[in-house]
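Asker: Okay, so Swiss-Prot annotates it like this:
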- L75, C76, H77, M113, E114: substrate binding site (BINDING)
- D128: active site (ACT_SITE)
Amino acid sequence: MARLTHFDGDGQAHMVDVSGKAVTDRIAVADCYIKMTTQTLDLVEQGTAKKGDVLGVARLAGIMGAKKCADLIPLCHPLPITKVAVDLVPDASLPGVRITATVKTSGQTGVEMEALTAASTAALTVYDMLKAAEKTMEIGGLRVVLKDGGKSGRFEAPEGSAP
């Protein structure tokens, strides 16, 4: 089993020292979904939700979430993020919205947590904007689907492992 780097020899949590690591280009992609009724999805697609442009606001919230990751997760390093993209795609087969967040940096540590935070923040924002219409929405499937750059190399989630 891999050694957990966020704990010292005494088992105490600490922020990992990355000062000796090389600066490399890094990318992470995370995705999730939010399920809802077809009637609620219609509000999204027709732009008739009471709070406004659900997907546009959720996209911005996801971007903001990535930028605030180090403020939310105690042992994350503040990073010079060079790109955040959040894609929200209505999917009638769920029914709901599929969310993908891509984050890039050129730095000494990866951006997986920023991508996960972006995707989850976008999903939470969709919920917030639609909760007056439906309280039974379900957020799920949050995962890293791609991570590249740095010492550990490339990781891609197996195809077909998403709902």
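Glycine too: its Cβ is placed from the backbone N, Cα and C atoms.
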Asker: At the Cα level, what's the spacing in Å between C76 (substrate binding site) and D128 (active site), rounded?
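Answerer: The separation of the Cα atoms works out to 26 Å.
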Asker: Given the substrate site residues L75, C76, H77, M113, E114, which other residues of that chain have a Cβ within 8 Å of the mean position of their Cβ atoms, reported in sequence order?
Answerer: C69, A70, I73, P78, L79, T109
Asker: What does DSSP say about D128 (active site): helix, strand or coil?
Answerer: helix
Asker: Pairwise over L75, C76, H77, M113, E114, annotated as binding substrate, what's the top Cα to Cα distance to the nearest Å?
Answerer: 12
Asker: Any same-chain residues 6+ apart from M113 (substrate binding site) with CB under 8 Å of its CB? Would you list them in sequence order, or say none?
Answerer: C69, I73, C76
Asker: Quick check on the binding-site residues: of L75, C76, whose CB has the lowest count of neighbouring CB atoms inside 10 Å?
Answerer: L75
Asker: Return only the integer: C-alpha distance in Å from E114 (substrate binding site) to the residue listed as 'active site'.
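Answerer: Per the Cα atoms, E114 (substrate binding site) and the residue listed as 'active site' stand 21 Å apart.
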Asker: Within 10 Å of each Cβ, count the other Cβ atoms, then let me know which of the recorded positions E114, D128 comes out lowest.
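Answerer: Minimum Cβ neighbour count within 10 Å, taken over the recorded positions E114, D128, occurs at D128.
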Asker: In the three-state scheme derived from DSSP, which category covers C76 (substrate binding site)?
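Answerer: In the DSSP reduction, C76 (substrate binding site) maps to coil.
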Asker: Could you measure between the residue listed as 'active site' and L75 (substrate binding site) for me? Cα positions, answer in whole angstrom.
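Answerer: The residue listed as 'active site' and L75 (substrate binding site) have their Cα atoms 27 Å apart.
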